[in-house]
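This structure is in structure tokens; I'll ask about it shortly.
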Amino acid sequence: MKSSKNDTFVYRTWVKTLVVYFVMFVMSAVVPITAMFPNLGYPCYFNALVDYGALNLTNYNLAHHLTPTLYLEPPEMFVYITLVFIADCVAFIYYACGEVALIKARKKVSGLTDLSAWVSAVGSPTVLFLAILKLWSIQVFIQVLSYKHVFLSAFVYFLHFLASVLHACACVTRFSPVWVVKAQDNSIPQDTFLWWVVFYLKPVVTNLYLGCLALETLVFSLSVFLALGNSFYFMVGDMVLGAVNLFLILPIFWYILTEVWLASFLRHNFGFYCGMFIASIILILPLVRYEAVFVSAKLHTTVAINVAIIPILCSVAMLIRICRIFKSMRQGTDYVPVSETVELELESEPRPRPSRTPSPGRNRRRSSTSSSSSRSTRRQRPVSTQALVSSVLPMTTDSEEEIFP
């Protein structure tokens, strides 16, 4: 069966967007690598943004100079860029496999809207557009960091973080109700390459994206307070404590969002929790390396407690997710969309007619009326019907006494 014109248009749009995504992926892979080598057009090494040797938590912002605050050092920044690059490589392989799977599955289209449902299951054009926006913004972020523009880099990374949040939600929910997602998944032919891509490879890619989102939450928190610390007359220690507290608060909203909304679409979404553990390790490294600086500013205990709360809250949220998974497995409740064909059995139960004493002068008229009524009742006897949307109930002839008193 051929797909509808609307589905064909959606598929062609998806293919063109996928080509742009592949090109943007290559560019996002080239930019970080070239930015690490000198004499290739980048003025500075983007990883070395903050010199922790000059870190003083009791100082205030110095005009016309980059005041060092809490940020990623070259090893941590390299780990972050590498993990994001690995996730993008896996996503590249996933979308390439998805395109091959859709080409093979087009031969098994059995409905007018099957192709668009499969495209949405793999990744709609909206998801690809958000992925392209992520790849573009991370390139701009690296280039801006090379020029040491901390204010512009914070703004660019805010756009990148916003695109990452929307992209993660789109990968999990497809911005559709649960029953629509179930209907799209049920339309995929079983034991096919498309089935394997959607139900086995896509959860892995989604969890990798969620893990990267946790790391991006850390970088976003540090970037915001790095820009604030170099824009206003604030103490460096306050900016460090503010960055830690922001990274402590933001994941709580994601934990709540996961249990309220995202868990209905993807139960085993542990990528964000794993990313939070890695981000906590990255955040605690400066506290360990430069312990004397934090101790002299009397911030070591406060920052250490706040940093320790982050993995504790993550562990609690992960335990809640695991308990809810086991609870749903015990209940065995799985909601599926109702079939389009509904069978209704309409049983015929004659209604009791009130007994009245007929008038002698109208016996002949009543007998003729009752005979016609019995014939119409036989014609309108309810039968078992099969309706696609709604069933028409048989008309009943209750009593002719209301017409012929």
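From the backbone N, Cα and C atoms, a Cβ is placed for every residue, glycine too.
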Is it the same side of the membrane for Lys107 and Ile322, going by what Swiss-Prot records?
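Domain labels match for Lys107 and Ile322 in Swiss-Prot.
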Name the range, of those listed as 150-170, 193-215, 246-266, 268-288, that has the largest tally of Cβ pairs under 8 Å with the transmembrane segment (77-97).
193-215
Given a Cβ distance threshold of under 8 angstroms, which distant residues of the chain, six or more beyond its ends, lie next to the transmembrane segment (193-215)?
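Same-chain contacts beyond the ends: 80, 83-84, 86-87, 90-91, 94, 97-98, 100-102, 104-105, 118, 121-122, 164-165, 167-168, 171-172, 185, 251, 254, 266, 268-276, 278-279, 282.
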Which of 18-38, 150-170, 246-266, 268-288 shares the most C-beta pairs under 8 angstroms with the transmembrane segment (122-142)?
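It is 150-170, which has the most Cβ pairs under 8 Å.
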Which sequence-distant residues neighbour the transmembrane segment (150-170)? Criterion: at least 6 residues beyond either end, Cβ under 8 Å.
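Result: 49, 66, 124, 126-127, 130-131, 133-134, 137-138, 140-141, 144, 206, 209-210, 212-213, 216-217, 219-220, 223-224, 226-227, 230-231, 262.
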